[in-house]
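Quick notes on the structure that follows.
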Amino acid sequence: MQPTSYLLITVYHCMALPWLSQSEKLYHSRDRSDMETSTLQQAELVTDLTSAQDFLAKYGWTEPVIWDSSSTSNDKHVRGLQMIQEGMSNSKEDFAEPTKSPTFIEALKKFQKLNNLTATGILDDATINAMNKPRCGVPDNQISKSNLGEETLQRTSTNETGASNNDTKSSNPPKVRKKRFLDLLMSSDKYKKDQEEQHGVGGKIFSKKLLKWRMLGEGYSSQLSINEQRYVFKLAFRMWSEIMPLDFEEDNTSPLYAVDIKLGFGTGRHLGCTRTFDGSGQEFAHAWFLGDIHFDDDEHFTAPNSDNGISLLKVAVHEIGHVLGLSHIYRPGSIMQPNYIPQESGFELDWSDRKAIQSLYGSCEGPFDTAFDWVHKERNQYGEMVVRYNSYFFRNGWYWMYENRNNRTRYGDPIPISTGWPGIPIQNINAFLHVWTWTRDATYFFKGIQYWRYDRDKDQAYAQDSQGQTYPRLISEGFPGIPSPIDTAFFDRRTQHVFFFRETQVYAFDINRNKVAPNFPKRIIDVFPAIVPNNHPRGHINAAYYSYMHSSLFLFKGKEFWKVVNDKDRRKNPSLPYNGLYPKRPISQQWFDICNVHTSLLKI
Ligand SMILES: [Ca+2]
Ligand SMILES: [Ca+2]
Ligand SMILES: [Zn+2]
Ligand SMILES: [Zn+2]
């Protein structure tokens, strides 16, 4: 459609409808500057004291910038907030000569220090270069408007009219009206409060566990295919989901207000946003806490593993970090550094990112269906046979490999059990068992009244093993005297007994005689006595996990584990009871970041 006729139709509608009470449905800027075909505008660089002063003010170095809610064209209140932000920014000391302003010099020193430059307070070339690096648009120092004094809000509430109280409460989009500075602040807070009630958003972090996201159709990238963009965003959400207890789901059907995080590309004035993009260079994206993410389409965004351009994945992961409540982290290796660091192959969220997000949302926790070390023999570089192991955790239909050396799960986990362990039940495994003697080496999975033997050479469950035994087989046939289903099991190499746990009892099964050992079953609490009275799982154990890393058996139940006293512990402290249980601890304090990922993200 030609712009002229488009305008005419708009005017016609304006005359025909009481349009002032209607929300603006267009996502484009009113002057349509964002619809012009882009002739790649260059961002203005920092070159002198004035532009450096602007830079320091814009990114919160002279004073924190209010940076709060998302803003789309429908959020009139939040638009008002931007006016506040600008008004406050203008109230800073306005020195004609920045070199004489103590505020400017202090801000410059701070900036230099955090960018590993000599804090001279003088604008030299190195400092100018640092300011001109590609960067995120979120200010380095920002405050939430909810941190502005309660007193201010109460004083202004008397200025608020009853009418405007009503219109923010109603589910209809708020009316366009001129408001004074503090009225806007008030109604923005009310707006946010309403949003919180509707969407479960509280304080600076999301209080709900499942967040919906959507790519804005009117804001697709002009440089990457829609499928490439979607893939990158799924991967970016997945990377956060792998290390924190939040799930993310792509939602292309719910009404827009029900979508928590909307992602879009734009140039200059874009997507009804209050903040303008600056052309090619400098700012590449920005995000609003608990809100939306905008990418500067004047930048050369590229797909993962591309050698040139700016990796959309890296930028998306960074901006999602902001949406979740993180500020910039000045630390090498962190994805939350404000500047874009060219992509090293296979970047991942590092330790500081994990700790930062987990300080807001907590760690991922149990329970697990089973956990085990998968032991395999292989020849080392000197041709000697060595035993290696990998640790696995199973929950429902998913499994994680745990890298003990790095104390985290393998990147990209979890994986469906059906993908990694073909032939065993695809979910809710009761137990894993590795029977390992001089004459026997076999691995089994248990579920319900049956068990499966796993062929480690072919990496699939046996239909029939070399002894002619077919699987799955009844537990009562393979392990006479053992009831089913079982809760968990482990093989004690010292006694050559399999311990089967069921409810509050434990059965020792003598694999050489193929029968239950004398005087069993016994109570778990009698065989594995508590060191501290009453600190004991008693029954319904989820997993009995023998860890080669720790040379110890651990009993898992719910979110907690009890470590079983081993021989080394007893040599150090002979008064400890045989198989005694140390007091319980959270599983998440010993094994980090074993996190669920939403199924919509698992199909990557
Ligand atoms: Ca830019
Ligand atoms: Ca179990
Ligand atoms: Zn940022
Ligand atoms: Zn924006």
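The backbone N, Cα and C atoms fix where each Cβ goes, and this holds for glycine too.
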Residue in His270, His300 which TrEMBL records at the Zn(2+) 1 site where His286, His294 also bind: His270
Can you find which of His328, His376 TrEMBL lists as binding Zn(2+) 2 at the same site as His318, His322, Met336? His328
What is the separation, in Å, between the Cα atoms of Asp296 (Ca(2+) 3 binding site) and Ala489 (Ca(2+) 5 binding site)? 55
Just jot down the residues in the same chain as Glu299 (Ca(2+) 3 binding site), at least 6 apart in sequence, with C-beta under 8 A of its C-beta; none if empty. Pro134, Ser280, Gly281, Phe284, Ala285, Gly309, Ile310
About how far apart, in whole Å, are the alpha carbons (Cα) of Asp278 (Ca(2+) 3 binding site) and Ala489 (Ca(2+) 5 binding site)? 62
A correct count of other C-beta atoms within 10 Å of the C-beta of Asp296 (Ca(2+) 3 binding site) gives 27
Over the domain 'Peptidase metallopeptidase' (202-363) the mean pLDDT stands at 91
Once near-sequence residues are set aside, which residues in the chain of Ala489 (Ca(2+) 5 binding site), 6 or more away, have Cβ atoms under 8 Å from its Cβ? Ala431, Phe432, Leu433, Phe446, Val498, Phe499, Phe500, Phe501, Ala544
Mind giving me a neighbour count for Gly279 (Ca(2+) 3 binding site)? Other Cβ atoms within 10 Å of its Cβ, every protein chain shown. 19
